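Peer 1: In case it's useful when we look at the structure, here is the feature table from Swiss-Prot:
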{"type": "BINDING", "residues": "G10, K11, G12, G13, I14, G15, K16, S17", "note": "ATP binding site"}
{"type": "BINDING", "residues": "C98, C133", "note": "[4Fe-4S] cluster binding site"}
{"type": "MOD_RES", "residues": "R101", "note": "ADP-ribosylarginine"}
Amino acid sequence: MALRQCAIYGKGGIGKSTTTQNLVAALAEAGKKVMIVGCDPKADSTRLILHSKAQGTVMEMAASAGWVEDLELEDVLQIGFGGVKCVESGGPEPGVGCAGRGVITAINFLEEEGAYSDDLDFVFYDVLGDVVCGGFAMPIRENKAQEIYIVCSGEMMAMYAANNIAKGSVKYAHSGSVRLGGLICNSRKTDREDELIMALAAKIGTQMIHFVPRDNVVQHAEIRRMTVIEYDPKAGQADEYRALARKIVDNKLLVIPNPASMEELEELLMEFGIMEVEDESVVGKAAAEG
């Protein structure tokens with residue numbers, strides 16, 4: 001099969017890296033050849049695949065060596081569970097410089113050093129954050145990734161972030177080949193969560209590709225720095241990640257999204273009871289004023 005490159009975005013703390021690594025482990029278990037490129041200065045995109053605290057990053061090693069050209073591919077690329085290739089781009093010290101530059105530097109280095117080998121089926125870019133800013137848009141801006149998946153939940157801020165990411169991707173979709181493949185709902189057990197995310201997906205013209213239920217086995221596996229696929233392959237949660245993997249393999253619904261306006265998003269949240277129906281008569285009034 002032709003190489004498929006996928007960027008995974010989502011609100012900070014939504015479980016994006018955990019979801020990505022469990023998805024990748026399921027793909028590897030099914031015989032797919034996969035590489036993960038962590039695009040986050042926290043460098044936590046590969047720890048469950050490698051059973052490590054944090055993989056050494058391209059930017060750290062480049063700083064130690066003098067410059068990125070002084071590195072070899074084997075310095076930055078490690079092999080983890082199921083033969084998954086793992087790389088962390090890293091970034092500068094907090095408060096110094098643009099972390100997005102680390103993503104650009106790392107991807108260019110990997111290309112030049114032949115990391116994107118012919119036997120690869122998938123590359124997943126696990127990308128920082130709530131917004132598609134310049135540096136972190138690198139995987140989609142430069143047409144590296146053709147597919148975007150957004151991890152979200154039924155919480156209001158996760159939905160705002162998902163809509164903003166869809167909005168940020170539209171520009172690059174029109175100028176290149178990147179398309180939105182769907183929303184992955186990583187459940188927080190909010191009311192009517194699956195219905196809400198399906199409604200949000202429909203609103204922006206995509207699909208909820210899978211609903212991942214909440215299960216404590218994920219945390220039990222993480223404590224051991226393992227994916228659920230490896231830690232407890234017979235768990236129901238492992239089957240959920242396998243189902244997500246199959247759906248992504250088979251996915252043909254790749255779209256240019258039509259992001260919701262703030263008013264449309266708030267109407268959706270009010271419809272599902274996430275946000276109270278706005279009463280203009282009380283706007284700006286303190287509690288003591290009623």
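Just so it is clear, glycine is given a Cβ too, placed from its N, Cα and C backbone atoms.
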Peer 1: Measuring CB to CB from K16 (ATP binding site), give everything in the same chain under 8 Å that is also at least six residues away in sequence.
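Peer 2: Long-range Cβ contacts: I8, Y9, G10, D126, V151, N186.
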Peer 1: Within the same chain, and leaving aside G10, K11, G12, G13, I14, G15, K16, S17, name every residue whose CB is within 8 angstroms of the centroid of the CB atoms belonging to the recorded ATP site, in sequence order.
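Peer 2: Nearby residues not in the site list: V151, A158, N186.
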Peer 1: Looking only at DSSP and grouping its letters into three states, which state does G10 (ATP binding site) belong to?
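Peer 2: Note: G10 (ATP binding site) is in a strand by DSSP.
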Peer 1: Same chain only, sequence gap of 6 or more: which residues have a CB within under 8 Å of the CB of G13 (ATP binding site)?
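Peer 2: Spatial neighbours, sequence-distant, of G13 (ATP binding site): none.
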Peer 1: Taking the Cβ of K11 (ATP binding site) as the centre, count every other Cβ atom within 10 Å, in any protein chain shown.
Peer 2: 23
Peer 1: Just to be sure I understand the packing, how many Cβ atoms besides its own are within 10 Å of the Cβ of R101 (ADP-ribosylarginine)?
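Peer 2: The answer is 16 other Cβ atoms.
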Peer 1: Name the residue among the binding-site residues G12, I14, S17 whose Cβ has the smallest number of other Cβ atoms within 10 Å.
Peer 2: G12
Peer 1: Which of these binding-site residues has the least crowded Cβ, counting other Cβ atoms within 10 Å: G10, G15?
Peer 2: G15
Peer 1: What is the separation, in Å, between the Cα atoms of K11 (ATP binding site) and the residue listed as 'ADP-ribosylarginine'?
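Peer 2: Counting only the Cα atoms, the answer is 20 Å.
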